[in-house]
Amino acid sequence: MAGMSQRPPSMYWCVGPEESAVCPERAMETLNGAGDTGGKPSTRGGDPAARSRRTEGIRAAYRRGDRGGARDLLEEACDQCASQLEKGQLLSIPAAYGDLEMVRYLLSKRLVELPTEPTDDNPAVVAAYFGHTAVVQELLESLPGPCSPQRLLNWMLALACQRGHLGVVKLLVLTHGADPESYAVRKNEFPVIVRLPLYAAIKSGNEDIAIFLLRHGAYFCSYILLDSPDPSKHLLRKYFIEASPLPSSYPGKTALRVKWSHLRLPWVDLDWLIDISCQITELDLSANCLATLPSVIPWGLINLRKLNLSDNHLGELPGVQSSDEIICSRLLEIDISSNKLSHLPPGFLHLSKLQKLTASKNCLEKLFEEENATNWIGLRKLQELDISDNKLTELPALFLHSFKSLNSLNVSRNNLKVFPDPWACPLKCCKASRNALECLPDKMAVFWKNHLKDVDFSENALKEVPLGLFQLDALMFLRLQGNQLAALPPQEKWTCRQLKTLDLSRNQLGKNEDGLKTKRIAFFTTRGRQRSGTEAASVLEFPAFLSESLEVLCLNDNHLDTVPPSVCLLKSLSELYLGNNPGLRELPPELGQLGNLWQLDTEDLTISNVPAEIQKEGPKAMLSYLRAQLRKAEKCKLMKMIIVGPPRQGKSTLLEILQTGRAPQVVHGEATIRTTKWELQRPAGSRAKVESVEFNVWDIGGPASMATVNQCFFTDKALYVVVWNLALGEEAVANLQFWLLNIEAKAPNAVVLVVGTHLDLIEAKFRVERIATLRAYVLALCRSPSGSRATGFPDITFKHLHEISCKSLEGQEGLRQLIFHVTCSMKDVGSTIGCQRLAGRLIPRSYLSLQEAVLAEQQRRSRDDDVQYLTDRQLEQLVEQTPDNDIKDYEDLQSAISFLIETGTLLHFPDTSHGLRNLYFLDPIWLSECLQRIFNIKGSRSVAKNGVIRAEDLRMLLVGTGFTQQTEEQYFQFLAKFEIALPVANDSYLLPHLLPSKPGLDTHGMRHPTANTIQRVFKMSFVPVGFWQRFIARMLISLAEMDLQLFENKKNTKSRNRKVTIYSFTGNQRNRCSTFRVKRNQTIYWQEGLLVTFDGGYLSVESSDVNWKKKKSGGMKIVCQSEVRDFSAMAFITDHVNSLIDQWFPALTATESDGTPLMEQYVPCPVCETAWAQHTDPSEKSEDVQYFDMEDCVLTAIERDFISCPRHPDLPVPLQELVPELFMTDFPARLFLENSKLEHSEDEGSVLGQGGSGTVIYRARYQGQPVAVKRFHIKKFKNFANVPADTMLRHLRATDAMKNFSEFRQEASMLHALQHPCIVALIGISIHPLCFALELAPLSSLNTVLSENARDSSFIPLGHMLTQKIAYQIASGLAYLHKKNIIFCDLKSDNILVWSLDVKEHINIKLSDYGISRQSFHEGALGVEGTPGYQAPEIRPRIVYDEKVDMFSYGMVLYELLSGQRPALGHHQLQIAKKLSKGIRPVLGQPEEVQFRRLQALMMECWDTKPEKRPLALSVVSQMKDPTFATFMYELCCGKQTAFFSSQGQEYTVVFWDGKEESRNYTVVNTEKGLMEVQRMCCPGMKVSCQLQVQRSLWTATEDQKIYIYTLKGMCPLNTPQQALDTPAVVTCFLAVPVIKKNSYLVLAGLADGLVAVFPVVRGTPKDSCSYLCSHTANRSKFSIADEDARQNPYPVKAMEVVNSGSEVWYSNGPGLLVIDCASLEICRRLEPYMAPSMVTSVVCSSEGRGEEVVWCLDDKANSLVMYHSTTYQLCARYFCGVPSPLRDMFPVRPLDTEPPAASHTANPKVPEGDSIADVSIMYSEELGTQILIHQESLTDYCSMSSYSSSPPRQAARSPSSLPSSPASSSSVPFSTDCEDSDMLHTPGAASDRSEHDLTPMDGETFSQHLQAVKILAVRDLIWVPRRGGDVIVIGLEKDSGAQRGRVIAVLKARELTPHGVLVDAAVVAKDTVVCTFENENTEWCLAVWRGWGAREFDIFYQSYEELGRLEACTRKRR
């Protein structure tokens, strides 16, 4: 402060209000009087008084507003100033008055320099003081470059903050880097708090500046909080708290998120938040300087969800005296990391909902203080715990074991010596690196087997690891580096099949026992290495299953001396680290097998068996070398040469000359193809490394008609020799075009030599010149004018041209040299051994052996006259039989096949997704002969009429070829692939070769040019091979469909007099859909053209050889004539042309290297054209007719509807007629939107999402209804109007516009054609603006909905019912599309829009976005790629695929529905595609975790790599109509057990007991989690007969007539029983009956001798007294049943049930039921549902529709279900359960008597109460099987159950009344007219049922046993009856016209359970889950878990697809 005392603070720092409004005058006075400036008086400028007068004059001028005068005075003053100091003082005057111009003048012209000391009169300081931002900017920019005057900047900043100049503050901080946290100080001064920018801003009340500073690096300090408490609080409350509405339980309140982080707050004042404490949901106080907190944080914040206290100085949190003070029970996340806590606050243990706790980087020595933690519940919901970077030495099990939901634990960087014992929780991630762990617990696999994925125990002191670590089934990442491991557990016991990364680096692997390195170590052996002595070899081996999953393996820094052999089998490895193993000197050749390995670390290794130069090239080269060694690769010099060219050009002669060196004597016949071998020796003087090259020569000839067939012999990596006749000159050059285009189309990038023959026919004297000319012509064909390669043609340069004379043999030697030289330079791209030259390439020995085997097979078949093709299975067998075969995987087999194709050994066409790809042709000659049959057909009417042949006639041509019915599909695919026969309908094919080259009659006579004609010309640089054939086939399909539409409309429409009606044609790949439809008069088509005439016009398409711009070209011309000027036919044709090019010939959409498009469209002006038609001289046409470029039309169409022609500007041409496809004139008028009724804005708030290709989807309203508008934006370029006509920019914009119009048209057409409830409907279209309106999805996309719902649950985030419905609706939409031959191609959750999440709604989703959908046109689809991860593996460039690609994507969408996650397999498209093709799929979880067994199985079926194995959408739809699909959750195998018991109440656990005495054990299964929580826990004792859990007690009865009572506490095992009771007989069943008194109940134990023991229990403890009820005594004394009556036999009590609201207990007594009155504990009534020898086995009480109780019972002999009304004891219904197909059975329910009968004390055995089941007869005969005859009023009176005769009687017995009264009545089952079909539909796969019963040889008795009901379960308001065969009958009670009836509403049967034996028991757990247990002959048990659906759920399920069916039908009718 010393510096301050010498001079008073400047006026700037007077922060009080009275001095703050300082004017420039006062400021200037102060500036002048502020003391000596330190400058000497100027010698020239006069005295200081004069200077003062000058400055005063300047100021006065500024004050008057006379800036001009002030500037003159300033300039004058400058002239008189000598020093910079004086000039600086002058500069401060205009700076003070904000005169920017004068400031610039002084700085630039007068070179005034700005001083950098922050004095009061510094111009920058003055400008900052007065807030002149522009002046400040100018002044600071005048400073020299490197200068950074920080003191000046800080002074100006503090000043501007105090004065309130936000603009200056922003400029200083953001542009010039002033530090908001620095004090403003001058030289030799100390900082003062008032000069801190934030302090100054707050003190002077400049709130906006204070906030700006706080957001840009300023912080609160204690002075600010003390001196300005209220402003500070105001700032914190106003700017650092965000609001959002609170949940509905707090109406009107807003939730507050307090974000006070990174403010360096020294404390938090209670006053800041006490009044809002109940609204705070998020409190972030991280990165402050807090050492204490107010007591309200966090314990008193009742709504707090998230708390972040990280990065402070907290030693503890506020204490609490009792748990009552902790009211923040809703807390979900706490972050308290980077503090100074020594233990976690005990209050945390009361936060029962806490999910995430981060406490890393503290000083924790204990987790919690045990002595302070009292009556805590524990963090049962905690999912993530991070306590890394602390000082913990142990983790107490006491606390950890309460973390029941923990899935992530991080205890890295502590001092743990022991890892805690595992406990029951779903732990997924465990990190414990950098501790002092010496051992690990061995029970990890018990609790975490199916959960733990990521484990890190690196950098510890582990000497061994337990086997359990490698038995974690879900384990993906295991890091054990930096330990002391010398061995791993034996690999044969590992089960970690999903392990991806294993890091074992920096261990002791390979060291022997003494710890010394030895030459031969005990740790590893390699194959073939023998060991001496008896030493047991301990080998590091990895299990075989890791080859599918392990990707990264680190073995570096160990003591290995060999690479473990099993490492070489890990074929998925991508990274392998072997460095720093000093003993490792060799790499095994087997490493070469690892095809995916890209990182091989051999750092510091001396590898002796790989040459050094190869090691330098890196891992790829090393692996290639090892692979070649391993596979005994040999150099191969065999290649394929294909000689082609027009007929009779001298091909065969040329070949003979090359082979023999002389001209042939015999002329060869016209064979289509000849094959021969030729070896070419190295010419003298060649430097090539190979001695010779061997060719498999295919000489392809034959008549010109066979030219299309010959393309099928063109393959990659072959040398093509195109032969032509020089003597024919230019004509022959033109003919070369066909061959060159063909070669490039079928074998892109092939090497082609063009050889001219007949050289001797050119005169010698003109020869050189003539040859040069002809060569130029050939090159002009293949190269563009700029010299670059022409698109569509092979890469031919002058080096590839040669001439030869076959007579004089001139040029033959040169040709040999050329062939040898070219061959030696050909590369083998994509080889398994690495890129190498083709000649002399290394080929695995096994490939060569396979080649020999294939050739031998081909010769054998030739001898036997057998078919010359192999199926894929036959080829695989051939591979397997080849000696020393090492071809193991699919990719290697493909490489071998490629080699066979490249060498001419095989022909194979892998570019279809299935079918043709499964055939391998051995002999091209044979194949050619087969195809020749087709070409031998003449266009006779008998077989092929108009070039179209019926499929059966085409099949007839197969007879005798060897193609069978099984391979006919492949044959047809082959014909279509090479355009030999193209499908034009389901049963007919077009044979293009039969079409005439010109129309058969004069078409010009039919065409009269009139004013009603428009034309379109397509100019193409080349016409691709197959273009016309495919175009005509598509046209024929479309025209046929058009006729069909007309025919249907005639039938359907009553009166429609329009000539052009709506025609929905979804054409081609791009699914364009023109509405053009006419009635054809004549259709004429030929090889390159088609003409259709109709009333009032015609349309024609033909090839045109137009020669515009004197450039080679072909193309097509379209003419459309219409008297009514409806030119929609033009749109119809152009749609087809564009789509065909898009899908099959995309090369045409490219440009030449000089930028000219390969294809251009022109539109001749119709006005000029009509005028020209009047002329007679055709030569004038080109000059007189204007050709509009399509680009001009498109660009004009964006702005207006007319285009002007330069030849008649006064007569504009309407674009709607010229380019009808752009204006959608072929669409019905009703589809065009009225723009006046469309309300939409394109601001950001209205954007719903981005479509493909830059389209944007907006929220809008049309006619008052919300809609989604998809807008196609055409790019705008700056100054586009000024762009010259012919520029690249114009072309780019036109291309973009064309693309937009094209995609708009395609998608709108597609949507218009589709009408289905699960597909988004088109509302209308608009051209200006270019958009269409769709239905608006209220809830956005499925992806968004899933991501919002997936946070809370691990699987099925939308719940099972909604998930089922959504999956069903997607499948239904797909089935509809596939029925329409449309392949969606881009199905994913983003393209599925959600309408409703209410399961009761009929429609929940709709499919959208058909941007890349394709129509398959009977030929499959080609091209388009969907979204990586969803896209099927077979979609690759140039591969033809079918609708099964959508089923693959559907599988991925199912994955999303089940997991809530996207199917992520990587970030790069190539990486994802590779993984998918290898069969790698996203990991979901075990079925018992996911709990939607059928949907998961369907998902896996859909994403099968082979398309033919995927289901059809239609079959998926029918599968999902079975309720089993939705209700079956999972099965769980439980091993050998002896008894099963379930829990009562809300618990999800079931218990198995096994063994007896010392080996007795129990297993606890949690059915909710699908998890065995306790596995075979030992609990010695006698065999358990019965068990009951009541509250916290478990009662178990054993076979030694004892009851043991155990107390249940947490996870504690059952050790010693709390109490033991004796009983007179073995207990067979228990029942707990609550009593009115609190905490007391009765336990009834039914005994084997018929007694019932009653134990009163108070507070969990049974009283000493126990009473017995004797059934025998009651029967005799009360019900007068004699002792000799069969009903008095000692029957065990099998079932007991509490009835009549707990006032009675009904229990079984043989065939009868006895009723106990709970009040008096006496038997008061007997009921007789059955007759002896039947025994009641199950009793259950449920409520019926009116809410009254009914009791159901079941017996073991008659197998019938009896229903009693509980209050009247009246028998109401009986149903026989032994019906094989009970679905939709009904039985009457007797109405109640008005008065209940008096209590019956007698029981007559002859006439039991109610309807007796006395008349049941069971008969068995050979013919009829088992028959059960029941004489009662049931609709299931007669059932024959023989293996095959069950159905007919069943159907006969069914009367119409057995069907539901209405299709959608409550809990009804939909039905079809055909009962049998309908049964098939609802019985879980009727076919599978049939197979289970009918196809197994089963005697009648076994069959009837399978139909025996096992138990009755009351599930919600339904009765479920499981039967021994494994199916479950579901029965509901329903009203029907006043009366009640029972009906079987479903039969559930899971075929998956068949192998598990018979159903033995069942139970309902937690009221909503049904568990059935199955036992097989080995006493192995399996649990089947079902969703316990009630009537409501079944109702929703059935209605969902009934309603969808109804809506589909309505849509069809509407159309």
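Each residue's number is its place along the chain shown, starting with 1.
Every residue, even glycine, has its Cβ placed from backbone N, Cα and C.
According to DSSP, the secondary structure content of the repeat 'ANK 2' (86-116) in residues is 21 helix, 0 strand, 10 coil. The repeat 'ANK 2' annotation in Swiss-Prot covers 86-116.
The repeat 'ANK 3' feature in Swiss-Prot is assigned to 119-148; the stated evidence is experimental evidence.
Taken from Swiss-Prot, the feature repeat 'LRR 4' applies to 353-374. Within its own chain, the repeat 'LRR 4' (353-374) has Cβ neighbours under 8 Å at 310, 323, 329-344, 346, 381-393, 395-396, 398-399, 405, 410, counting only residues six or more beyond its boundaries.
Under the heading repeat 'LRR 8', Swiss-Prot lists 451-472, citing experimental evidence as support. Within the chain carrying the repeat 'LRR 8' (451-472), a Cβ under 8 angstroms from the stretch's Cβ atoms is held by residues 407, 412, 419, 426-445, 478-491, 493-496, 498, 503, all 6 or more beyond its ends.
The helix, strand and coil residue counts that DSSP assigns across the repeat 'LRR 9' (474-495) are 3 helix, 3 strand, 16 coil. The repeat 'LRR 9' annotation in Swiss-Prot covers 474-495 and rests on experimental evidence.
The repeat 'LRR 10' annotation in Swiss-Prot covers 498-519 and is backed by experimental evidence.
Here the repeat 'LRR 12' (572-594) has a mean pLDDT of 90 out of 100. Marked as repeat 'LRR 12' by Swiss-Prot: 572-594.
Mapped onto DSSP helix, strand and coil, the repeat 'LRR 13' (596-617) counts 5 helix, 3 strand, 14 coil. According to Swiss-Prot, the feature repeat 'LRR 13' maps to 596-617.
Residues annotated as phosphoserine in Swiss-Prot, with experimental evidence given as evidence: SER1064 (among others).
The phosphoserine annotation in Swiss-Prot covers SER1074 (among others).
Summarising the annotation, Swiss-Prot assigns active site, proton acceptor to ASP1386. The Cβ of ASP1386 (active site, proton acceptor) has 22 neighbouring Cβ atoms from other residues within 10 Å, across all protein chains displayed.
Annotation comment: Swiss-Prot describes 1539-1579 as repeat 'WD 1'. DSSP assignment over the repeat 'WD 1' (1539-1579) gives 0 helix, 25 strand, 16 coil.
Same-chain residues lying 6+ beyond the ends of the repeat 'WD 2' (1582-1622) with a Cβ under 8 Å from its Cβ atoms: 401, 423-424, 1538-1539, 1541, 1543-1544, 1547, 1551, 1553, 1555-1557, 1560, 1562, 1574, 1628-1632, 1641, 1643, 1645, 1655, 1657, 1660-1662, 1666. The annotation repeat 'WD 2' is assigned in Swiss-Prot to 1582-1622 on the grounds of experimental evidence.
Feature annotation from Swiss-Prot assigns repeat 'WD 5' to 1730-1778; the stated evidence is experimental evidence.
The region 'WD40 loop' annotation in Swiss-Prot covers 1791-1907.
According to Swiss-Prot, the feature repeat 'WD 7' maps to 1951-1987, an assignment based on experimental evidence.
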Beyond a gap of at least 6 residues from its ends, the CB atoms lying under 8 Å from the repeat 'LRR 13' (596-617) belong to 551, 556, 571-582, 584-587, 623, 625-626
If one takes Cβ-Cβ under 8 Å and requires six or more residues beyond its ends, the residues near the repeat 'WD 7' (1951-1987) are 1360, 1488, 1491, 1493, 1497, 1526-1538, 1540, 1542-1543, 1545-1550, 1552, 1565, 1567-1568, 1570, 1884-1885, 1888, 1892, 1905-1906, 1910-1911, 1913-1916, 1920, 1922-1926, 1928, 1993
DSSP assigns the residues of the repeat 'LRR 4' (353-374) as 0 helix, 4 strand, 18 coil
Its residues classified by DSSP, the repeat 'ANK 3' (119-148) shows 17 helix, 0 strand, 13 coil
Its residues classified by DSSP, the repeat 'WD 2' (1582-1622) shows 0 helix, 23 strand, 18 coil
